[in-house]
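What TrEMBL says about this one:
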type   : residues : note
REPEAT : 30-63    : repeat 'TPR'
REPEAT : 72-105   : repeat 'TPR'
REPEAT : 114-147  : repeat 'TPR'
REPEAT : 156-189  : repeat 'TPR'
REPEAT : 275-308  : repeat 'TPR'
REPEAT : 317-350  : repeat 'TPR'
Amino acid sequence: MGEYSKALSYHEKALEIRQEILPSNHPDLATSYNNIGLVYNNMKEYSKALSFYEISLEICEKTLPSNHPHLATSYNNIGLVYDSMGEYSKALSFYEKALEIRQKAFPSNHPDLATSYNNIGWVYRFMKDYLKALSLYEKALEIQQKTLPLNHPDFAQSYNNIGIVYYNMKDYSKALSYLQKAFDILQKTLPSNHPLLAASYNNICNVYSHMEEYSKALQIREKILPRNHLSLATSCNNIDLVYGSMREYYKALSFYEKDLEVEQKTLPSNHPSLATSYNNIGLVYDSMGEYSKALLFYEKAVEIEQKTLPSNHPSLATSYNNIGWLYRFMKDYLEALSYYERALDILKRTLPPTHSSIEDVKKSIEVVKRLIQNK
């Protein structure tokens, strides 16, 4: 955070000087506003980032031709902020504006086009339109195959993206093939304790788990990572899921508690990864029927998410839905209804109206309302 503060200070001084000597619509001012927005984005202060990006865009729109690449960069940056805020429809709109300009301004194999295809693919994957996501990810990969060396890290990202879409589509053999390609590149280009390697292990572990090849999934856990390294917590996560799939909840709980212990030693108290661990422990207690303990951990997760995420972030919707589900099983139907409605409110603001997640929560609300009437 200290480095970000320094960067912010330098960019603000540069802006102040430029404001004194340049006209208000000068392109260099747009650059300064963009730089400040970038720092705020990295600091996860998304509202401030958006404000500066929008000022930069306003100048660019007034001073540049409509198909200038700098405009595409501005649209893409704003899309990234909306993406981080969980406002996926808005993110998609800005990503598509960026792509439209890049298609006109650049040759068909330009790396910025691959970036746009990946960004739009990510949004469609979240919105569960997996065929569109896959098509876009494949376009990005095709560009990279023409322009990058074989072991370039961007290949790993594309293989990983495609592998995850196949995983979402339950085509596990194809998922495994692409995820293994991603891992092979990362293994050649990154140090053995790098967090991206741990994440890649996680993805492969997930696939083996869903293929019910639990022994292979468990072997992945044994890959060396230094104790108390944050990547160990990431690596543990999927073992917990494997044990959960095998209904060995106490083992899953043990691993989740190890995750939490590592994260508590290495992360600030409101870090989103802690919320994930609290949610995971809550899910295990939920599966074990220990609803009071589950509720305790779900509430810890929500407390962090409410402090660190925008009020309409999808992770909050997931947490509210989990708590609603729990209260439903505890037969506290009014509380269940309250949390389901909070989840639905967020989903309506961030997803298309026909999205399956919205339909699922609506069905839960209908069930709870019937239960309240029948009491």
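Positions of Cβ are set from backbone N, Cα and C atoms, glycine also.
For the repeat 'TPR' (317-350), the predicted model reports an average pLDDT of 91.
Counting same-chain residues at least six beyond the ends of the repeat 'TPR' (317-350), those with a Cβ under 8 angstroms from any Cβ of the stretch are 86-89, 275, 279, 282-283, 286, 291, 294-295, 298-299, 301-302, 305, 311, 357-358, 361-362, 364-365, 367-369, 371-372, 375.
Using DSSP to sort the residues of the repeat 'TPR' (317-350) gives these counts of helix, strand and coil: 31 helix, 0 strand, 3 coil. Among the recorded stretches 72-105, 156-189, 275-308, the one sharing the largest number of Cβ pairs closer than 8 Å with the repeat 'TPR' (114-147) is 156-189.
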